[in-house]
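J.: Here it is, the structure in full.
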Amino acid sequence: MQFEAFAAAAADIEAEAADTDIVARVADLFREAGPALPIVARFVQGRVFPAYSETKLDIGPNYCYEAIARAAGQNVSADDVETRLADVGDIGEVAASYDFGGQRGLGAFGAGAGSGGNGDDLTVEEVYEELESLAGAEGSGSQDEKITVLFGLFNRCSSQEARYLARLVLSEMRIGVGEGAVRDAIAQAFDIPVESVERALQVTNDYGLVAEVAREEGEDGLDDLHLEVGRPVQAMLAQAGTAADALEEWDEVGVEWKYDGARVQVHFDGESVGVYSRNMEDVTAALPEVVEYIEAHLDEPAILDGEVVAVDDEGEPLPFQEILRRFRRKHEVERMREEVKVELRAFDCLHVSGEDLLDAPLVERHNRLADLLPAEAVSELTVTDDAEEIARIEDAALEAGHEGIMLKNPESTYSPGKRGKNWLKRKPDVETLDLVVTGAEWGEGRRANFLGTFLLSAWDDDAEAYVTLGKVATGITDEQLADLTELLEPHIRSQDGQEVDLESAVVFEVGYEEIQESPTYSSGYALRFPRFLGVRDDKDPDDADTLERVERLAESQ
Ligand SMILES: Nc1ncnc2c1ncn2[C@@H]1O[C@H](COP(=O)(O)OP(=O)(O)OP(=O)(O)O)[C@@H](O)[C@H]1O
């Protein structure tokens with residue numbers, strides 16, 4: 001495909017406003033692209049190489065300005081280019097403003113310039129090959145080489161071509177084509193259901209490949225694409241959520257500790273290990289412990305998802321920043337290794353021995369994972385419908401120095417790159433409330449001799465009275481119940497069946513997930529999912545939180 005035709009299409013696309021028109025125009029471009037289709041499918045998003053590719057252009061803006069200046073002619077310097085850029089703010093526009101064709105033949109830097117003027121037959125494939133060679137240039141003199149290659153390209157560009165070449169090189173394509181638009185355009189161009197294209201993109205992460213397979217082999221070909229060890233896929237992501245949300249959505253909840261480390265995808269082909277970061281960069285060299293651990297313990301080819309955590313000498317977790325230090329100082333791995341130890345906590349398994357598990361339910365994937373590695377390297381997954389148990393796991397996670405918990409739909413498949421509702425991250429209560437206990441209920445059965453459920457209140461200045469906010473029964477051990485009963489019994493004012501009325505004397509610190517407006521309690525608010533955190537022995541009821549603070553917190557949520 002002529003680069004001029006690509007540039008013309010890019011200009012058309014840029015001029016479209018509506019998403020459907022953009023998709024339609026991109027689909028046309030894909031149909032016209034011929035053998036250049038895989039390249040065009042990336043260029044149109046401003047990408048030269050596939051997202052997972054190790055090859056990066058890695059060219060500083062200054063080199064691009066220099067190349068443009070050289071192509072523009074002897075009177076133009078890189079500084080001039082930069083000054084113009086400061087005025088217009090778009091490198092494409094700056095590049096398009098020079099008349100490269102008119103300058104041709106001045107050619108002391110003639111690389112690649114020989115053939116032409118405007119309308120030169122520069123093809124998309126040639127642009128790609130040149131950029132690939134440029135990305136490969138290493139060592140001393142490589143920057144000069146890069147400038148020369150780029151100069152050669154600009155020198156053959158019309159003004160429209162220069163506009164999109166400059167933007168492509170500096171990763172500033174910005175013609176309004178995102179991943180979703182390319183996905184939809186592939187589906188439209190080759191008449192394939194969007195879901196098939198989407199799935200193929202998830203497993204390959206390669207827009208060029210998917211576009212080509214869609215055209216050549218249709219839906220069946222796309223369905224035949226699979227995960228490949230060594231080709232990272234995007235990580236499944238989480239939304240913020242609460243235990244109450246999870247219990248409302250699903251019959252049961254898969255609960256895991258949320259480790260505070262760095263996300264990694266571990267690829268093992270049976271012999272060697274590749275470790276990729278959340279944005280799919282190869283971080284194998286920075287994490288030799290992970291490589292050694294996998295080599296020593298994993299017997300089958302597999303793709304695992306997990307977190308690397310930094311630990312101290314006792315194996316206690318260290319803050320996330322420690323891991324970042326490892327990534328930053330990757331040239332000093334051996335020394336850093338002495339300073340900051342890292343360990344893998346795998347929590348998912350995407351592929352084992354040639355079998356893709358993306359469509360298997362979480363519980364099955366986790367079982368497969370548990371079969372592959374020693375328990376120490378695998379997250380513990382508890383499936384439960386019990387709010388108390390979730391609270392206990394959260395307490396244990398925080399106690400062990402971790403960030404909180406993850407709540408996962410046990411039935412859910414693995415969706416790469418999706419921040420959906422099947423994974424919820426629950427971080428600990430940011431705010432807590434100190435509330436006065438104004439009532440309680442006697443327990444039942446084994447707990448009949450203990451006060452069990454506690455009514456929580458805050459002082460309302462206007463009403464000059466305590467108003468109720470909710471009842472807490474979660475987060476309390478049997479032992480604590482005995483102590484609390486002993487503490488509160490002397491303050492019982494009256495009793496009606498199971499329910500007791502208490503004088504204001506004891507203050508509880510409680511966590512909660514949300515404050516909702518609600519007619520259920522006399523304050524007009526209700527705490528969602530309140531949890532007992534402790535008795536504030538150090539506080540009198542007068543020092544407890546007031547309705548005013550509750551109102552403020554409710555507003556700021
Ligand atoms: N057991 C676990 N299961 C899934 N993710 C976990 C687990 N433990 C720790 N994590 C980390 O938590 C992240 C989930 O939150 P999210 O997808 O929003 O990522 P994030 O944007 O990096 O958020 P955060 O800053 O909260 O980690 C994962 O990317 C992973 O790095």
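Each residue, glycine too, has its Cβ placed from N, Cα and C.
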J.: The ATP site in TrEMBL includes E256, R263, E307, F347, R419, K425. Which of R278, R335, R337 is also listed there?
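T.: Among the candidates, TrEMBL records only R278 at this ATP site.
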J.: By a simple count of other Cβ atoms within 10 Å, which of K258, R263, the recorded positions in the record, is least packed?
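T.: Each of the recorded positions K258, R263 was scored by Cβ atoms within 10 Å; lowest is R263.
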J.: In Å, rounded, how far does the Cα of K425 (ATP binding site) sit from the Cα of K258 (active site, N6-AMP-lysine intermediate)?
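T.: Cα-Cα distance, K425 (ATP binding site) to K258 (active site, N6-AMP-lysine intermediate): 8 Å.
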J.: How far is it from R419 (ATP binding site) to K258 (active site, N6-AMP-lysine intermediate), counting Cα to Cα, in Å?
T.: 16
J.: If the ATP binders are E256, R263, R278, E307, F347, R419, K425 per the record, what's the largest distance between their Cα atoms, in Å?
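T.: Largest Cα to Cα distance for the ATP-binding set is 19 Å.
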J.: Looking at the domain 'ATP-dependent DNA ligase family profile' (335-460) alone, can you tell me the average pLDDT?
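T.: It averages 93.
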J.: Could you round the CA separation between E307 (ATP binding site) and K258 (active site, N6-AMP-lysine intermediate) to a whole angstrom and send it over?
T.: 9
J.: How many of the residues that make up the region 'Disordered' (538-557) does DSSP mark as helix, as strand and as coil?
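T.: Summed over the region 'Disordered' (538-557), the classes give 13 helix, 1 strand, 6 coil.
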